[in-house]
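Below you'll find the structure, written out as structure tokens, and then a few comments.
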Amino acid sequence: MVGVHDGEARDLITSARRLVIKVGSSSLTSAAGGLDRARVDALVDAVAGLTAAGREAVLVSSGAIAAGLAPLGLRTRPRDLATQQAAASVGQGLLMRAYTESFARHDQGVGQVLLTVDDVTRRGHYRNAYRTLERLIALKTVPIVNENDTVATHEIRFGDNDRLAALVAALVHADVLVLLSDVDALYDGDPTRGTASRIAEVRNESDLAGITIGRTGRAGVGTGGMVTKVEAARIATGAGIPVVLTSASRAAEALSGSAVGTLFHAVRARPAARLFWLAHATSPRGRLSLDDGAVRAVVHRRLSLLPAGVTAVEGIFTAGDPVDLVDAAGTPVARGLVNYDAAELPGLLGRTTAELSVALGPAYEKEVVHRDDLVLL
Ligand SMILES: Nc1ncnc2c1ncn2[C@@H]1O[C@H](COP(=O)(O)OP(=O)(O)O)[C@@H](O)[C@H]1O
Ligand SMILES: N[C@@H](CCC(=O)OP(=O)(O)O)C(=O)O
């Protein structure tokens, strides 16, 4: 069995043209707190090895909050959002300085990309994020992505960079996602106990049955523990992207194809990237109730949603926001980007587009949700 895993892990990494590599706070900071330049340099050496060989790398790096603690005289990660945001504001600059200097040792340039959920779910913003990342890659510059912590409120927050990394991997159509943490693999129980064993590969959900997956990592540093990594692996593998999970200290081995860590196999072919984001990265701002005919049109015939089929509107949203479409029983059947503000919709319900166009003008010929902006749930 081990031989089979070895071969698969090696081919998967060595044949990948585009890799998204995520590194957690716990792998970039020293035990005393603050950025550990030796650890940053070791990671950068491994990533620069890829780009020097003509391969494409996107780095998703946590560490802004951790790097900002010491300069602000804080000992542990603050619990309140405002202080976390202040720490991120101080730390993000330090983090980028460390990466800029470290990659410069390899004559490799970097670019900072800070994202919020909104940036990647609203159609215009999604295209912007995609275009910027593609252009950086084309310019042989390594994008260094983090959540835009200083402006992200609870509502619009990814909350953990594991999920952000999975979504970025889908956005840029990565061939593989590499999650680097302070633990060398997924274990079947608490790895600090010594009795747990490494899980070399995960092919489907049943391989995860009976495993104790902890929610916390090193005190005061990372967020989410192993739970958010396994969740990120679910998102990426569901988007057709295999995932390798190992420790940052094994980054060089992992990126050169050694069968270290845990390999999560892709479970299905890739869905359309933007709709994948819509389903996984957004929280709906409202709900539109559909009559039976509209449910049939949207779900079975994959048509756009017209005002005539909407019976009720809930929530406060503006045009471009994600909303859930629910059937007569209130069960969500689809999520889509709505073309009207919540305040405008009640006056349009039940009316045909021809009627609305005559009464209100051609701007009201628009669908409520265009079929290209809809994903079935
Ligand atoms: N089943 C498990 N297998 C491996 N690690 C686990 C498991 N359950 C909990 N963990 C813990 O998760 C931690 C990694 O999470 P975290 O500190 O949030 O990482 P990062 O900062 O890299 O995102 C590890 O240090 C480990 O102790
Ligand atoms: N955006 C935050 C990272 C939050 C996060 O997910 O941290 P980690 O669990 O260490 O990957 C920061 O830069 O501090």
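In case you wondered, yes, glycine gets a Cβ from its N, Cα and C as well.
Those TrEMBL annotations? Automatic predictions, nothing curated.
There are 18 other Cβ atoms within 10 Å of the Cβ belonging to ASP182 (ATP binding site). The feature ATP binding site is assigned by TrEMBL to LYS22, SER181, ASP182, THR223, GLY224, GLY225, MET226, VAL227, THR228, LYS229.
Marked as substrate binding site by TrEMBL: SER62, ASP149, ASN161. In the three-state DSSP reading, ASN161 (substrate binding site) counts as helix. Listed in sequence order, LYS22, GLY24, VAL60, SER61, SER62, ASN146, GLU147 are the same-chain residues six or more apart from ASN161 (substrate binding site) with CB atoms under 8 A from its CB.
In the domain 'PUA' (286-365), helix, strand and coil residues by DSSP number 27 helix, 23 strand, 30 coil. Positions annotated as domain 'PUA' by TrEMBL: 286-365.
By the rule that a residue counts when its Cβ sits under 6 Å from some atom of ligand 1, the binding-site residues LYS22, ASN161, MET226, THR228 yield MET226. The binding-site residues listed here are SER62, THR228; among them, SER62 has the most other Cβ atoms within 10 Å of its own Cβ.
All protein chains shown were included, and the count of other CB atoms within 10 Å of the CB of LYS22 (ATP binding site) stands at 28. Proximity of the binding-site residues (LYS22, SER62, ASP149, ASN161, THR228) to ligand 2: a Cβ under 6 Å from the molecule is found for SER62, ASP149, ASN161. There are 24 other Cβ atoms within 10 Å of the Cβ belonging to ASP149 (substrate binding site).
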